[in-house]
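Database features (TrEMBL):
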type	residues	note
COMPBIAS	A:1-18	compositional bias 'Polar residues'
REGION	A:1-21	region 'Disordered'
TRANSMEM	A:30-51	transmembrane segment
TRANSMEM	A:63-82	transmembrane segment
TRANSMEM	A:113-135	transmembrane segment
TRANSMEM	A:141-158	transmembrane segment
TRANSMEM	A:179-206	transmembrane segment
TRANSMEM	A:235-254	transmembrane segment
TRANSMEM	A:275-302	transmembrane segment
TRANSMEM	A:314-335	transmembrane segment
Amino acid sequence: MTTVDMTPATNKSNSPTNPRRRVYLPNTKYIPILATLTLLLIMYFTGVANYRNFGQPSVVVNLFRDNAVLLVVAVGMTFVIITGGIDLSVGAVISMTTTLTATLLAGGWPPLVVLPLVLLLGALLGAGMGAVIHFFKVEPFIATLAGLFLARGIALFINQNSIPIRDKLWKSLSEYRIVLADGVVTKVTSVTAVVVVLIAAAVLAWTRFGRNVYAVGGNADSALLMGLPVGRTKIAVYTLSGFCAALGGVLFSINSTSGWALQGQGLELDAIAACVIGGVLLTGGSGYVFGSLLGVMVYGLIQTIITFQGDLNAAWTRIIIGLLLFGFIVLQRVVTRRAK
Amino acid sequence: MGEPSPVLEMTGIRKVFPGVVALDGVDFRLFPGEIHALMGENGAGKSTLIKVLTGVYDIDGGDITLGGAAVRFTGPLQSQKAGVSTVYQEVNLCTNLSVAENIFIGREPRRLGRIQWGLMRKRAAELLARLDLNLDVSASLDTYSLAIQQMVAIARAVDVSARVLILDEPTSSLDASEVEQLFKVMRRLKEEGVAILFVSHFLDQVYEVSDRLTVLRNGKLIGEYKTAELPQVQLVEKMIGKELAVLDDLENKAQRTRAKTAEAAPILSATGLGRTGAIAPFDLTINAGEVVGLAGLLGSGRTELARLLFGADRADSGTLQIDGKDVTLRSPQAAMKHGIAFSSENRRTEGILGELTVRENIILALQASRGWTRPIPRRKQDELVDKYIKALQIRPADPEREVRMLSGGNQQKVLLARWLITEPRLLIIDEPTRGIDVGAKAEIQKLVAELSDGGVAVLFVSAELEEVLRLSHKIEVLRDRRLVEELENTEGVDADRIMQTIASGATS
Amino acid sequence: MTILKNRLFWPAVILVALLVVNMFTSNQFITVRDGHLFGTLPDILRGSAPLLLVALGMTLVIATGGIDLSVGSVMAISGAVACLLISDLGNQNSVGSVLLIIGVAIVVSLVLGLWNGALVAAVGIQPIIATLILMVAGRGVAQLITDGQIINVQSSPYATIATGFFLAMPVAFLIAVGAVVLTVLLTRRTALGLLLESVGGSPTASRLAGIRSRRITVMTYVVSGGLAGLAGLIYSANIKSADSISAGNLIELDAILAVVIGGTALIGGRFSIAGTVIGALLIQTLGVTVVAVGVPSKATLLFKAVIVVALCLSQSATFRQKVFGRIKPRPATAVRAEVPA
């Protein structure tokens, strides 16, 4: 009996003219993420070399504090993008959540009722959008754009002004400091964000739901023919993204002890950009939560560098963010392309 | 054979789409331990019947019983659970996932909700070993060839512990040894009592492997036969409902016109042309009116060679002469300026534009070569399109129909029409007859012969040796991304001779 | 029945219904005063010009399967450039100088569009990310041009492009109509439309059919940039100043919405300019109506959201089939249900 012995990449990278290539390269799946990591490190050490105190551990720890909301939202977005979708509503869900939370707390609702309620609401809105996308075949971009209008519309309808939060639990969560090491402290929000990242990464890698997410993004028709619950998976990722956005809103309201209907405007694009920088393909089927984490770190580090630079006005801040984003994406493309 | 009761029985199945009756009172039965071929031309209703069986479509009438119990599938998941597994024409797997995942997704071994990756890989490797495949199961599926992906799909279907296994055109992308391998697996499964429904356009394969066959035509049942008792000619008649005389005309025609074309002026001649990683440097001359066949296995460099001559990819070595002058083809447009046309093997992704109409698809290349500022007047468009719809017998003959609504064969004809209206001097066609029915195939072959008579040179790429032999004046044999031999298509040359070269890689 | 299946049926019905509502609620829907058209309808037409222009360019970009998020920033930059140059003029009312400056601003916008197109077609960055770069940085550039200030101008020729009248019609609307007509001619009288739809359908197949896909893709971003620049000029001429923060803020979303309401799919391919016009007018009219019928300002976005959701569902063939499937569609009742909300 003859055995067909095949090593992978018979037809692509491992062409007869270039037999040695494989040896030097890591698994092609990880190239975008490694490229991001390398560039992130370069950026970090450039900062360390140029600014005093940049090398202190608190700079890294503060990255998580300052970007906790973006991180949580990006995690939900990662799931959605891996299925080949997109969720534009996340920023608006944040504003809806903060406004509602502040209003309910001001109205004397117990915080332990408000918390699950707003999370549930975010998840429900996500589920609704997922259902519209799946059952009525509305393009995700449009369905979630409608969700954006709806969520922000609700937020503005509740209150157009910033509402302060005076609830004890919120206050204490906001003020609570976790000491990691001497002189290095962090907040509840950053710890929450890190926990969310870890759970999400585990779910994507080790559960059936996680693998179905990849399958749906890789080829939804095939996934259906393989008997996978495509509809349920699609609805679930939007639900998850809605939940993450609501959680982001809660973190926001804890950080700022206030709620405002114009909070989180444009955050959806930051989250999408973070995912893309982290190597999550907008076409679906490929990407990792840790990639998105790196993407958020890139975003955060850009902000940090700008802060350290100090003398930049708002206009230059925007331009520098744009330029760095540009440099980053182009570099990543060059690295990824060369690897192939 | 002669089992008393079929494992699957479908009676009076009816399925209606808006404007079309796809299945009209079709009966079908499948016994355990048999390989049953489902035969019919494109549009006969085979695909619809399979989709009914797998629960993708709900039926509008009729009954299905599986293992004696009446069933009605509402989705693929349900039919799979009932024991009906399917491997489709286009490999329906997720190529972004690993081999092991593709086999086990949805059924991963778990402990406390956590997927046991190690166990899963081990089981996948064992399962593939049963089919004589030794793959790296943790590599992602898209690093493997289509043929291997197909095998993985079958491994998955088999492991879902199927009572009924449906193989929809599994062999269309496999080479001869892979087909043998597949048949071995099929026979083994048959011995284990699995009922296999097999669909293939290759009649020889049907005769080699199947026990029984059912013929459909235009959504109706023509009959059920024992394969051994139905001669091939009669089968073809039942499938297409008419006699096929066209093909006989073509026999030996190539040899008759050979003298003329051998002396004609060369249109194109390549010297040491090549592209790293795609095709090793080769020499090739094509004369006016000459049909040059490219033979070789999938991945032998056939397509890569064709793409270089069209400027779809750029050569990184060698020179190309057209009409005796050195040229460099940087883009398809450049090639088109020299009268070269190219129809890709990937009809759906690199050929037709499904959303556009037949008319728009046909005029596209001509329009592109004129540039956007010089639109072809509508009257002229209609004239040209009507002419080619008639000449190529494109069905339905409606120029404003969206091309995706047409059958594969008709889509192929639309593609050919797109290039014919540019009046090319050299037409490169890559696998024009793959996956299309016998009638359309014959028409396309006839067209190639006619073009050649009219002085157009044709570079004909096909996996089917018989077809290459029938049409070509000379045959270029490729192996491992290298042009290994050039053969004049004379009396002594036959399929065995070419196979030998493909297999052993004789040097020329 | 076929008219009911047309994707533009419901948007058109809603547009007409909204206009009818306005006819009853506004004291002057349309009248002639001083030889000009006055009233709500001319206001809607005038106000819709920037969105129409932006949506027009967006249609072409979306037809190729792309998207342009940077239109708002381009609007801001073009307005900033024009206002800065005009404010430096000795005589701000010099028609020749103003025209020249408008030309300069539009050339700048075209170059910005070229940048987007190059990133998408030459570098190969996904459109949503490629145009995000300019979206983020562009507003910074605009702020830099105006030095963080709001530049006010007192130029009557400049103001004319937004608030002036020509042959009794608002000039801004005429500019938009001109752009629409020009685009229709450009795409449907030449082969450009076909080639665009082909590239949007499949860039690979188009390339192999001899179409210069890249060139066409770049062209659509350039056109989109130019039209956004024009929209920015009208916007800034209307407020007689350059406001780099709020000029064109979030207009990309409205423009994309207008395109989709108009029946052009985001995946590219077939596009409908008539649909985009209806979509843009609908969105503008909706905004006006909300105010006119006295919806409290805090509920305006919610109101808009409800209509948008209804429209998106009406665009879904599956939805129509599931809801109106067996029942005879009854447009009259459905419309009535949505209008007084």
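Placement of Cβ uses the backbone N, Cα and C atoms for every residue, glycine included.
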Contact ranking winner - A:30-51, A:63-82, A:113-135, A:235-254, A:275-302 against the transmembrane segment (A:179-206), Cβ under 8 Å: A:63-82
Chain residues in Cβ proximity to the transmembrane segment (A:30-51) (below 8 Å; excluding those fewer than six residues from its ends, i.e. six or more beyond): 59, 277-279, 288, 290-291, 294-295, 297-298, 301-302, 304-305, 308-309, 328, 331-332, 335-336, 339
Maximum Cβ pairs under 8 Å to the transmembrane segment (A:235-254) - stretch from the list A:113-135, A:141-158, A:275-302, A:314-335: A:113-135
Beyond the flanks of the transmembrane segment (A:141-158) by at least 6 residues, Cβ under 8 Å: 86-89, 91-93, 95-96, 98-100, 103, 125-126, 128-129, 132-133, 238, 261, 268
